[in-house]
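Everything on this sheet refers to the single structure shown next.
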Amino acid sequence: MPVITLPDGSKREFANAVSTLDVAADIGPGLAKACIAGRVNGELKDACDLIETDVDLAIITVKDDEGVEILRHSCAHLLGHAIKQMWPETKMAIGPVIDNGFYYDVDLDHKLTEEDVAELEKRMLALAKTNYDVVKRVVSWQEARDTFESRGESYKMAILDENISKDDQPALYHHEEYTDMCRGPHVPNMKFCHHFKLMSVAGAYWRGNSDNKMLQRIYGTAWADKKALKAHLTRLEEAAKRDHRKIGKQLDLYHMQEEAPGMVFWHNDGWSLFLELERFIRQKLGQYTYQEVKGPLMMDRVLWERSGHWDKYSEAMFTTHSENREYAVKPMNCPGHVQIFNQGLKSYRDLPLRMAEFGCCHRNEPSGSLHGLMRVRGFTQDDAHIFCTEEQVQQEVSGCIKMVYDTYATFGFHDIVVKLSTRPEKRIGDDAMWDRAEQALMDALKANDIEYEILPGEGAFYGPKIEFTLHDCLDRAWQCGTVQLDYALPGRLGATYVAEDNSRQTPVMIHRAILGSLERFLGILIEEYAGKFPTWLAPVQAVVMNITDKQSEYVDEVVKLFKDQGIRASKDLRNEKIGFKIREHTLRRVPYLLVVGDQEMENREVAVRTRDGVDLGKIKIDQFAAMVKEQISLRSLNLLEE
């Protein structure tokens with residue numbers, strides 16, 4: 001007689017084993033109709049799974065995040081159902097849930113076109129609208145293998161052979177004549193899967209290994225209702241308009257090419273952005289009393305072995321040989337910073353020692369994962385490492401948190417999600433050390449009034465960490481900042497200091513990044529601002545345009561005056577109509593468009609309009625320069641107003 005305890009604390013007793021769907025029906029027909037699955041003692045289960053003992057039960061519907069994830073997973077199976085009807089020879093690989101949707105990797109000789117994808121989507125919708133039941137069967141390993149062998153599903157057989165124990169009982173989900181294998185849970189009926197769209201097709205190697213066959217990966221998105229689907233597609237349209245690769249080309253900021261995959265060729269205006277970002281962070285380093293250092297680009301393999309990186313990261317490291325020695329281009333800066341710390345005897349009085357570098361790093365990312373500035377092989381980190389005593393950890397972490405929030409606020413990012421990753425199962429040090437480390441991070445977060453989520457067991461083996469994820473104007477999440485405690489690397493590389501009692505002690509090392517990769521952060525900013533950078537960051541802050549040749553010398557004078565005062569100004573003396581010039585520089589997103597005719601020249605003025613079309617009227621050149629300089633010094637996010 002199972003007793004079911006619901007989230008509100010109420011209990012329901014049943015004479016026999018029941019399913020989540022039975023419990024929902026006992027509560028009411030509306031809930032039974034909406035029930036997708038159940039959370040039984042914290043674990044998601046299919047709505048049809050029997051409950052035989054006393055449990056805590058939460059009934060999952062599409063109003064729950066888990067419910068939406070479940071219907072997305074079922075849409076992946078629906079895709080399998082449809083593609084097997086249209087191309088029966090297709091071999092199905094894997095079809096997981098991803099952010100906002102799902103994908104399925106398929107082995108199909110026919111190369112799918114846009115027209116094929118549109119027809120596939122129609123077939124999926126036609127199948128879903130029949131509202132057929134999804135039938136779950138738990139079978140023996142052998143029955144599952146026999147099922148897929150009879151259907152020629154070689155990838156499903158490989159998953160069974162390589163990933164599932166013969167003692168296990170896999171779950172098969174039957175979508176009419178189509179059968180798939182999955183941990184589940186899945187929707188009980190396809191009435192929940194009416195609001196989806198197939199988005200694109202890409203190549204993907206089986207198991208992510210380039211030695212294996214290239215499959216076709218079909219991406220889709222799925223939502224609980226029509227309104228949510230439409231809102232998501234609208235966000236995607238806006239994101240496409242803001243795509244940093246598209247805007248980067250329009251504004252002539254940078255380019256990538258095949259001869260240097262994942263490496264950025266910065267053009268003049270793009271490099272101006274990069275340097276301004278670096279200048280801003282360098283100013284922050286001064287405010288928070290960091291030393292700035294520069295380490296070598298590559299170091300002997302021996303050092304990477306001592307640091308432990310060779311064992312963990314060698315596949316992602318670029319290597320070269322010279323004079324019978326093997327070198328690795330650095331994928332990160334920390335071992336180099338320990339070498340600088342180790343030069344000369346350090347005392348406890350020298351701590352904390354804050355060491356920062358704009359470190360040029362390289363990682364051999366898979367070519368298929370490269371994506372504009374967001375995922376590159378060569379990148380610059382705003383990296384820092386703080387060497388301190390254990391007693392100083394909380395204060396130093398608190399300083400890092402302040403720096404992160406100060407920095408993000410300058411760019412207009414205020415919606416920051418903070419996560420604290422705690423001790424993993426495999427770790428160095430004793431529980432007392434981890435207790436102190438985790439408490440220090442929690443105290444630092446509390447001191448800064450920061451709400452945070454704890455991720456149990458997600459810390460590195462050498463220490464807990466804090467992650468900062470910012471949300472942009474399209475509500476996309478970007479994990480940028482990290483504060484990571486490290487109790488291992490200093491000891492591995494022989495870092496010590498003389499303590500107050502004259503003993504030799506190993507410092508705690510704090511890895512700190514705020515922007516992360518400057519390239520990636522610039523990609524985020526390009527999309528956040530849609531290329532309309534704040535004045536302080538804009539490559540060209542003002543462009544001065546003449547109406548006729550008579551004003552050419554005056555334009556030169558105005559531009560020189562602006563440049564002498566630190567304003568990035570340019571001129572446009574082309575023999576074109578002024579309306580044409582204004583349109584062109586508006587498309588270049590220049591913050592201020594300054595027009596001079598005879599009257600402006602006579603009165604030593606400029607006629608000012610913003611890139612958004614706001615007419616600020618005629619302003620004396622000295623006054624305008626002072627106004628813009630103030631904007632720049634304040635790093636204002638807004639343009640001047642009427």
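Each residue, glycine too, has its Cβ placed from N, Cα and C.
Owing to the predicted nature of the structure, the values given are computational and were not obtained by experimental measurement.
What Swiss-Prot annotates here:
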BINDING   Cys334, His385, His511  Zn(2+) binding site
DOMAIN    1-61  domain 'TGS'
REGION    243-534  region 'Catalytic'
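Taking the mean position of the Cβ atoms of Cys334, His385, His511 as the Zn(2+) site, the remaining same-chain residues with a Cβ inside 8 Å of that point are Met332, Asn333, His337, Asp383, Ala384, Gln484, Asp486, Leu489, Met509, Ile510, Arg512. Of all the Cβ atoms in the protein chains shown, 27 others lie within 10 Å of the Cβ of His385 (Zn(2+) binding site). When averaged over the domain 'TGS' (1-61), pLDDT in the model lands at 94. In the three-state DSSP classification, His511 (Zn(2+) binding site) falls within a strand. For the domain 'TGS' (1-61), the DSSP-based tally of helix, strand and coil residues reads 14 helix, 24 strand, 23 coil. Cβ contacts within 10 Å of His511 (Zn(2+) binding site), excluding its own Cβ and spanning all protein chains shown: 23. Counting every protein chain shown, the number of other Cβ atoms lying within 10 Å of the Cβ of Cys334 (Zn(2+) binding site) is 24.
DSSP assigns His385 (Zn(2+) binding site) to a strand.
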